[in-house]
Amino acid sequence: MRIAVLISGSGSNLQAIIDAVASKDLKHVEIVAVIADRNCYGLERALDAELPTWFVERSETLSSEIDEICENEKVDLIVLAGFLSILNEEFCTKWDKKIINLHPSLLPKYGGMGMYGAKVHKAVLANNEKESGATVHYVSSGVDEGEIILQESFEIPAEADLDWLQQKISEVEKPLLLKAIRKLADKSI
Ligand SMILES: Nc1nc2c(c(=O)[nH]1)N[C@@H](CN(C=O)c1ccc(C(=O)N[C@@H](CCC(=O)O)C(=O)O)cc1)CN2
Ligand SMILES: NCC(=O)N[C@@H]1O[C@H](COP(=O)([O-])[O-])[C@@H](O)[C@H]1O
């Protein structure tokens, strides 16, 4: 399965995919494109791994530029791994059930516009939630509204702070994302 990974940040989840492919923990998967919408450390990770990499500026044409790359590279699955631009309706319709997103909460809670990165963790802690987790879902035109593929939850201890939650989410979401990609890759054989 030919995958494109879309990033906007440090790329630790991209690195998890890179490492899983290299170690054959993720079989029948090839990263054929890494696409960033801003300068970010994830780009360095992609270049270090000598992966085909694109930088697409945030603009009205972002979705169509990403579409062209994914068409040209014959992408089978688009993985949003910390990607922070909203893909337009035309793109989401065309690539329906071929785009997945990793989100750092138990959707439908703490999803939608404005809910990304530490903003999610701060909201979860502010509401004194007793559990949280990560979600992998199909991407639809609405933000974080697509069909859920997999979720992994954990209890939040009373003494948990932002650092604890960020670390716990980071630990939980990487195997969850790999499990989702593996599930879709196995289906595609
Ligand atoms: N059409 C869709 N596009 C995207 C989805 C989606 O479900 N449907 N998921 C997001 C990822 N995401 C949460 O998982 C998310 C990303 C960004 C935002 C947000 O509020 N973004 C801000 C800008 C942030 C920035 O560029 O620094 C905004 O658009 O104003 C919310 C949720 C990826 N795309
Ligand atoms: N709403 C989307 C969102 O918040 N995604 C989150 O961004 C981080 C990216 O980390 P990374 O760049 O190190 O992979 C991850 O925690 C991911 O769940």
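Backbone N, Cα and C atoms are what each Cβ position is placed from, and that goes for glycine too.
Taken from TrEMBL, the feature domain 'Formyl transferase N-terminal' applies to 1-181.
DSSP assigns N13 (N(1)-(5-phospho-beta-D-ribosyl)glycinamide binding site) to a helix in the three-state reduction. N13 (N(1)-(5-phospho-beta-D-ribosyl)glycinamide binding site) counts 23 other C-beta atoms within 10 Å of its own C-beta, drawing on all protein chains shown. The N(1)-(5-phospho-beta-D-ribosyl)glycinamide binding site annotation in TrEMBL covers G11, S12, N13.
Listed in sequence order, L80, F83, V136, H137, Y138, V139, D144, G146 are the same-chain residues at least 6 apart in sequence whose CB falls under 8 Å from the CB of N101 ((6R)-10-formyltetrahydrofolate binding site). Taken from TrEMBL, the feature (6R)-10-formyltetrahydrofolate binding site covers R58, N101.
Taken residue by residue with DSSP, H103 (active site, proton donor) is part of a strand. Cβ neighbours within 10 Å of H103 (active site, proton donor), excluding its own Cβ and spanning all shown chains: 25. Sequence annotations record features per position, and here TrEMBL assigns active site, proton donor to H103.
Taken from TrEMBL, the feature site 'Raises pKa of active site His' applies to D144. D144 (site 'Raises pKa of active site His') falls outside any helix or strand according to DSSP and counts as coil. The Cβ neighbour count for D144 (site 'Raises pKa of active site His'), using a 10 Å radius over every protein chain in view, is 21.
Other C-beta atoms found within 10 angstroms of the C-beta of S12 (N(1)-(5-phospho-beta-D-ribosyl)glycinamide binding site) number 16, with every protein chain shown included. Between the CA atoms of S12 (N(1)-(5-phospho-beta-D-ribosyl)glycinamide binding site) and H103 (active site, proton donor) there is a gap of 14 Å. In this structure, R58 is the one among the binding-site residues G11, R58 with the smallest number of other Cβ atoms inside 10 Å of its Cβ. With respect to ligand 1, the recorded positions G11, S12, N13, N101, H103, D144 contribute N101, H103, D144 as residues with a C-beta closer than 6 angstroms to one of its atoms, given in sequence order. Here the candidates are the recorded positions G11, N13, H103. The one whose C-alpha lies nearest to that of R58 ((6R)-10-formyltetrahydrofolate binding site) is G11. For the recorded N(1)-(5-phospho-beta-D-ribosyl)glycinamide site, residues G11, S12, N13 set the reference point as the centre of their Cβ atoms, and the other residues of that chain within 8 Å of it by Cβ are I7, G9, S10, L14, Q15, A16, G42, R45, A81, G82, K174.
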